[in-house]
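One structure is given below, encoded as structure tokens.
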Amino acid sequence: MIKADIGIIGGSGLYKMDALKDVEEVQVDTPFGAPSDALIVGTLEGTRVAFLARHGRNHHLMPSELPFRANIYAMKQLGVKYLISASAVGSLKEEAKPLDMVVPDQFIDRTKNRISTFFGEGIVAHIAFGDPVCGQLAGVVADAIANLNLPDVNLHRGGTYICMEGPAFSTKAESNLYRSWGATIIGMTNLPEAKLAREAEIAYATLALVTDYDCWHPDHDSVTVDMIIGNLQRNAVNAQKVIQETVRRLSENPFTSDAHSALEYAILTPLDKVPAATKDQLNLLLQKYL
Ligand SMILES: CSC[C@H]1O[C@H](OP(=O)(O)O)[C@H](O)[C@@H]1O
Ligand SMILES: Nc1ncnc2[nH]cnc12
């Protein structure tokens, strides 16, 4: 059975991890369909890790098309306990410059069209989500960034990530509205992942890599893909260094997170009243509570 302790989801620009050794490509099937791509399981800093390109290795899936449930369930099937999500983001604050890294601690949901729960079909659960990322894992990621001292990269500990539907970027009115809410960064992918990871009792943290100033900044042109391609490439190199350092630190100091028992008091439906087909489908999440 192929196993990995740490999962890595690579976003725009990060389609592979060059430093992985003893690599196996695993086609994982889940009750929620196929993930975005094969999972690449390999050794990094002596630990087995599983890498998944969120949009597929050729970036063929839009944010609204991503199989979020399959992606998180596939990680769970491999035994992943810690999940690091690398993501390209626009900046909503002057001080968060392109190439900077933000480790957010909050999200605001502006998506319209995402399935963000494994529950339903005869079972109801409400996970606590006041602190949507695992503070311990976020701390390890932030410490890794601080320790690396990458040129032209400032670290921002904490901040709010607006998750919009896309695929079009925001209007200036929207961008300024999010700024008035005090948000730090904007992207299109991380909130459904964070919710599903919490339901799957996987500790989740975001490594947000700033590519642009969205469209609010008077001294910068509005974001276009063409404009951010160079930053995506530089960010991908930096992200791999941060992920490697994070994995090294995690392997040396593994921890138990509240996320690892998130379902303990979340399920309202008596488990003996849950339809058998639903119980089967969610077996991996429910087995420890049966
Ligand atoms: C490359 S511009 C928009 C695109 O980038 C972000 O992707 P990811 O979060 O997967 O790194 C953003 O969410 C959009 O999908
Ligand atoms: N400005 C932006 N808005 C939404 N997602 C992004 N990903 C990178 N830059 C972005």
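Note: Cβ is positioned from N, Cα and C throughout, glycine not excepted.
Automated prediction, rather than curation, is the source of TrEMBL annotations.
Cross-referencing THR160, THR171, THR184, THR189 with the phosphate binding residues that TrEMBL gives (SER12, ARG54, HIS55, SER87, ALA88) picks out THR189.
Closest by Cα distance to MET188 (substrate binding site), from the recorded positions ARG54, HIS55, ALA88, VAL225, is ALA88. DSSP classifies VAL225 (site 'Important for substrate specificity') as helix under the three-state reduction. Checking the recorded positions SER170, ASP212, TYR213, ASP214 for a CB within less than 6 Å of any atom of ligand 1 leaves no residue at all. Same-chain residues at least 6 positions away in sequence with a Cβ under 8 Å from that of VAL225 (site 'Important for substrate specificity') are not found in this chain. Neighbouring residues of the recorded phosphate site, listed in sequence order and excluding SER12, ARG54, HIS55, SER87, ALA88, THR189, comprise GLY10, GLY11, GLY13, LEU14, PRO63, ALA86, GLY187, MET188 (Cβ within 8 Å of the Cβ centroid). Around the Cβ of THR189 (phosphate binding site), a 10 Å sphere holds 27 further Cβ atoms from the protein chains shown.
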